[in-house]
Amino acid sequence: MGGLPLWRSPLSKASDRRGQAVDNIADVTTRDETLFENPQFEHYESTSNIQLFFDLFFVANLTSFTNSHEINSSSIPSHPELSSYIGFFCILWFTWAQVTLYDVRFATDSIIERIAHACHFGVMVGLAIIGPEFLAEDDGWGPLQQLSLILMVNRIVLFCQYGSTLFFTWRYRATRLPLMVVMASLFVAAVLYFGLSFAFYRRTAYDAYLAWYVVAVMEVGVNLALAAHWRAMSFEKTHLVERLTCLTLIILGEGIIGLTKTIVKIETYDLRFTSADIGSIISAYFTYQLYFDNVRMEPFGSVHQQLWSILHFPFHLALALMMEGTNQILLCTHVVQDLFKLSAPFQGEATPQVGLIMLNETVHTIYERFPSTEAVINEVEESLHALLEPATNATQEETLANFQLVLRQMAKTVIEGYGWEPPKAVAEEDFSGYANSIVSIFNLTFGYFCICVGLVCLIIGVLTLLSQGDGYSRMRYISIGANILLGLAITLLSTMVLTDAAGNLGTTPWTLPALSLILLTLIILHHIAI
């Protein structure tokens, strides 16, 4: 067995059962174009180890970014945490996609290719470093400039990789033009990213980062359009479908990691395992089943495959946000249940004296379960003591103020103990503003959760339709239609944030179990239709 070559052609060899043999390495001076019309590339039959290793960098990036940008604190109405999450995911996904589109068609195992992958790993590490400071409100110019340069480096490496493929396939007319167009798009993108870095360096246009998303979409669009037009550039006989399904599994796995952390946090403060906890786990499992039961690994139409592939961007974004929303809805359920307990001493026909005794017990229970500062605890104990043993000259206004302070601080302790934070702009003493900000955060969470759950169901239906083969039964189309219609219906539930209905539905422990039942219904319809 020979050693690892410095450089290797992506074309099939005579010993390979696939494709035509290529006797010699291409020479850039070759003139005979009539004999070499149909290049055959040596494709991996399945995802290679180095590609899986690259995927691990994706999930590491997503996990670290999610931990530093949890969508449970916001500045209404701009929602910077949600917008930064979507923006970073866009950059991360399209960077992964550009590398993957090259790997599934032209990747080989050589020293040069391993160096290129090392550069891509470095790019992913760079993204992980920038992630916590991405679109930061305080002096965020530096990270934006660095991110532009990181994206530029990634495109330059890909430009060199496509250049290597062009060198080995120069004798084939079918690959010259499309490869040169791809290289041109990568070169233009690298120049644009480099130019954008100066906008951040000179601090002239903070919103220039929006150009990243436009450039990234256009790059991938050019690549897919060329693959649709030139057969030599197509994804036929590649493992692109497997790469996308692997990424789906990885995003689900990242969501499960976040879900288990959330459940551990909840169990630290609340030892009860509720229907919401069970529903969150079952929902994740049923989402996995619904997607992978509908995935078709066999080859299907080229245009359909490319539409199927690009639809995985909104699908993966919706899936990631759905899992994050599940965590926040689960936390919210426990927050509301604990807040209801705060008012328990004053429910029913208990006398004021009995109510104060129960309030005293509630205060001690809350501060035994949840962490707080010494200053807050001392303030609460002082007000509670004034309620239990009022001074002879205490006024009604002072008693009411002490009572409100105790309830207010306990509510803040519970809410912030579970990880929800109000915007920094809300004054400490403004409890009305504090409460309104928490409601706004919940409405944001409920809104994007419904939209993303609906999109996941809807897009799975569309993906199934695109990958369908001949001979689909009427029941199969009914199953696909159910996915799409239920997805639309769930998406429309997001309009409930305009009324009080969102609070009634989103805070009940049965929200996530209800989602599990919907997903189970879609799975049953799928298996009946087979």
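Yeah, the Cβs are placed from backbone N, Cα and C, and that goes for glycine too.
Note that the structure is predicted; figures quoted are calculated from it, not measured.
Feature list (source: TrEMBL):
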type     : residues : note
TRANSMEM : 177-196  : transmembrane segment
TRANSMEM : 208-228  : transmembrane segment
TRANSMEM : 446-466  : transmembrane segment
TRANSMEM : 478-498  : transmembrane segment
TRANSMEM : 510-529  : transmembrane segment
Recorded stretch, among 177-196, 208-228, 478-498, maximising Cβ pairs under 8 Å relative to the transmembrane segment (510-529): 478-498
Residues of the parent chain within Cβ reach of the transmembrane segment (478-498), under 8 Å, 6 or more residues beyond its termini: 443-444, 446-448, 450-451, 453-462, 464-465, 505, 518, 521-522, 525-526, 528-529
Residues from the same chain, set at least six apart from the ends of the transmembrane segment (446-466), whose C-beta lies under 8 A from its own: 71, 82, 287, 290-291, 294-296, 300, 304-305, 307-308, 311-312, 314-315, 317-319, 321-322, 325-326, 328-329, 480-484, 486-494, 496-497, 502, 505-506, 515, 518-519, 522
